[in-house]
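The next block holds one structure in the form of structure tokens; read it before the comments.
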């Protein structure tokens, strides 16, 4: 291995190790923050709605999930929960400095509630719009990055939305339809998963039932196995005898059918012979019957040779 390659490996290995250690450190910090937030929720006896708001607007380095924001929006239609939610949102908006994520996520949640929550959210925001307007000048620099930029831009968008009633109305209609479609898709997916799970359970139960029946049918001892073998042989012989008997019965029926067919063929021939003209010598022929009717006795006819001879020997008369 060349010296340059060794140097590159030696240089990249610590960097990778530092990245891994940094990632683990961030995970530990997030876990510690979650534990601290849980303890504070218990210490201040926050309600379920307030706990959800705190979770959606936490300092964790990711945005609030659509699921938890949808749950909070549904809770705004409850009078008690609405008051608790808005109190926690205004408290988050008043944070500053290193808690800039509290402010930015609170603005994101507030925009979602204005579009999909109770109409009282927009009404209260219009009454306290100056709190949101002040956030257009939010400042915070962290690691040479202007983290206040996102807060300022979101505050401007929200103020513009609250001041335009027509736009607010259209945005609410569009957002509510999208939320409804999403809920229907989730319900359909859940029902399909439940149906497939039920079918799978049914198939498993059927398979286990068949398996148990087969297991119960198996012989437990050598004596039972021999008994089942003898029964199987006896049943096989009985089936073979029944098949042979059926074949014999079929042969007998076939012979009877052939004999009956031959007899039926002979009967028309006998009837035809009985109705034909008699051919014995004693019976008169049709020609004699005709002569009797005409009363004519036929004379013997001379041979043509004799007639010619007589005429030749007879002297001619002059």
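From the backbone N, Cα and C atoms, a Cβ is placed for every residue, glycine too.
TrEMBL: automatically predicted annotations, no manual curation.
Per TrEMBL, domain 'ENTH' is recorded for 41-172. Break the domain 'ENTH' (41-172) down by DSSP state and the numbers are 99 helix, 4 strand, 29 coil.
As annotated by TrEMBL, compositional bias 'Polar residues' applies to 184-196.
If you look up TrEMBL, you'll see 184-222 (among others) marked as region 'Disordered'.
For 234-253 (among others), the entry in TrEMBL reads region 'Disordered'.
Broken down by DSSP into helix, strand and coil, the compositional bias 'Basic and acidic residues' (236-253) contains 18 helix, 0 strand, 0 coil. Sequence annotations record features per position, and here TrEMBL assigns compositional bias 'Basic and acidic residues' to 236-253.
For 259-296 (among others), the entry in TrEMBL reads region 'Disordered'.
The compositional bias 'Low complexity' annotation in TrEMBL covers 267-288.
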